[in-house]
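Q: To start, I am sharing the structure in question, which I have written as structure tokens.
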Amino acid sequence: MPSPDLSDEFLESISENLDSLRSWCADVQDAFLVAVLQEAIEGGHEKVVQVLLDKNVDVNAQGIYYINALEAASVGGHETIVQLLIEKNADVNAQGGYFGNALQVASAGGYDTMVQLLLENNADVNAQGGYYGNALQAASARGHETIVQLLLDNNADVNAQGGFYGNTLVAASAEGHETIVQLLLDKNMDVNAQGGSDESALVAASVRGHETMVQLLLENNADVNAQGGHYGNALQAASARGHETIVQLLLDKNVDVNTQGGFYGNALVAASAEGHETIVQLLLDKNVDVNAQDGFNGSALVAASARGYKTIVQLLLDKNANINAQGGHYGSAFIAASARGDETIIQLLLEKNADINAQGGHHGNALQAASQGGHETIVQLLLDKNVDVNAQGGYYGNALQAASQGGHETIVQLLLYQNVDVNAQGGYFGNALQAACQGGHETIVQLLLDKNADVAGRA
């Protein structure tokens with residue numbers, strides 16, 4: 001960061017002794033004086049700047065904090081100093097720094113008069129570079145309507161690509177600047193142009209819940225099914241974020257409710273994973289595929305079960321969601337509910353004949369998931385349902401190893417009462433005794449030894 005402003009007295013003393021300073025190691029002193037000039041500019045010390053300029057300090061030299069003097073003046077919004085620098089032939093199109101050039105700096109800062117001054121002195125309205133990519137995107141992202149109009153009047157390229165948002169329309173849409181979006185659309189900007197991370201303006205507005213913006217874009221023929229961005233499409237974005245009105249707007253435009261892609265895979269999984277009951281119902285009313293699969297969650301039912309959203313689980317079951325569908329991190333809805341320890345959801349699933357021995361996912365099976373989580377009531381419920389206590393698979397290989405590693409003594413006891421194989425091999429630790437030893441669970445080690453665990457068992 002720039003250092004604190006120097007006092008007028010100090011700066012004036014420097015400027016009054018320029019010749020003597022320059023006589024002593026010119027290169028070093030020139031660099032020093034450039035820094036002094038930029039310091040004076042940053043602080044808005046017009047008198048000192050004028051003295052330094054009269055002594056021909058290089059206005060285009062790079063300083064410590066700014067790419068040149070003009071950038072320093074533009075950052076601070078010092079219009080008079082900008083005029084002084086231009087009169088001294090400052091390069092209005094010099095590139096570098098965070099914002100790329102002086103015009104982008106002034107546009108981002110909302111300095112209307114300065115933007116006009118730079119344009120009148122042949123600043124390149126379409127110069128690329130910097131955080132926003134160009135001046136128009138900077139002004140659009142920051143909501144500076146007057147500057148956007150100035151730039152457009154000077155033939156700014158509305159479809160230029162680059163910068164943080166990828167293009168100007170995405171920038172304005174993401175930040176909710178409706179008037180600017182209308183200005184851009186009036187200049188025939190491509191409403192479906194892809195921006196950063198391949199995100200369209202419609203997706204950007206949908207993610208952030210800008211209802212009026214979404215309506216405006218749809219009225220201008222935004223592609224309701226456009227793909228791209230973290231969420232894949234506008235419907236998934238709005239569904240994940242819980243923006244009910246936007247979801248309804250998109251549905252009214254006949255959006256494809258079953259489009260695949262994005263972080264959640266589809267809109268129903270997104271809404272189910274985030275607990276948005278009303279949106280789940282809206283999607284179900286549009287005949288969304290209740291069993292559509294995605295990578296991490298597997299299905300909407302698994303997503304809702306894993307997060308404990310009971311009402312959504314019931315909604316999905318009422319629409320005949322496949323209770324034993326395989327896939328995703330948890331493998332099945334029943335395993336997901338067991339891992340969470342959610343008795344209510346487990347009972348809902350059991351009433352629909354969930355397979356208690358289903359294999360799959362990180363935990364391998366429901367008993368291992370419940371054992372690892374220390375959910376004693378769930379473990380007992382499963383044992384009462386004659387679950388296979390020796391089922392193999394998953395990270396820990398079997399339920400006994402999972403409980404032993406987690407230090408869950410009561411669950412270890414429950415499993416031992418069911419004649420679990422104390423020496424079963426497999427899983428990350430090799431066997432239950434190794435797992436208990438690694439975790440430092442002495443009581444469990446003793447329990448296992450009392451059941452003739454093989455101390456020479458190979459991990």
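Every residue, even glycine, has its Cβ placed from backbone N, Cα and C.
What you are looking at is a predicted structure, and each value in this text was computed from that prediction instead of being measured.
What TrEMBL records for 65-97, 131-163, 197-229, 230-262, 266-295, 296-328, 362-394 is repeat 'ANK'.
Help me picture where these features are in the structure shown.
A: For the repeat 'ANK' (65-97), the DSSP-based tally of helix, strand and coil residues reads 17 helix, 0 strand, 16 coil.
For the repeat 'ANK' (131-163), the model's average pLDDT works out to 97.
Residues of the same chain lying 6 or more positions beyond the ends of the repeat 'ANK' (197-229) and with a Cβ under 8 Å from any Cβ of it are 165-166, 169-170, 172-174, 176, 178, 181-182, 185, 191, 235, 237-238, 241, 243, 245-246, 249-250, 253-256, 259, 261-262.
Residues 197, 199-200, 202-203, 205-209, 211, 214-215, 218, 224, 268, 270-271, 273-274, 276, 278-279, 282-283, 286-289, 292, 294 of the same chain, all 6+ positions outside the repeat 'ANK' (230-262), place their C-beta atoms under 8 angstroms from a C-beta of that stretch.
Within its own chain, the repeat 'ANK' (362-394) is flanked in space by residues 329-332, 334-336, 338-341, 343, 346, 350, 356, 400, 402-403, 405-406, 408, 410-411, 414-415, 418-421, 424, 426-427, which lie at least six positions past its ends and keep a Cβ under 8 Å from the stretch.
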Q: Should anything in the same chain at least six residues away from the repeat 'ANK' (131-163) have a Cβ under 8 Å from its Cβ atoms, list it; otherwise answer none.
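A: Residues packing against the repeat 'ANK' (131-163) from afar: 98-101, 103-104, 106-110, 112, 115-116, 119, 125, 169, 171-172, 174-175, 177, 179-180, 183-184, 187-190, 193, 196.
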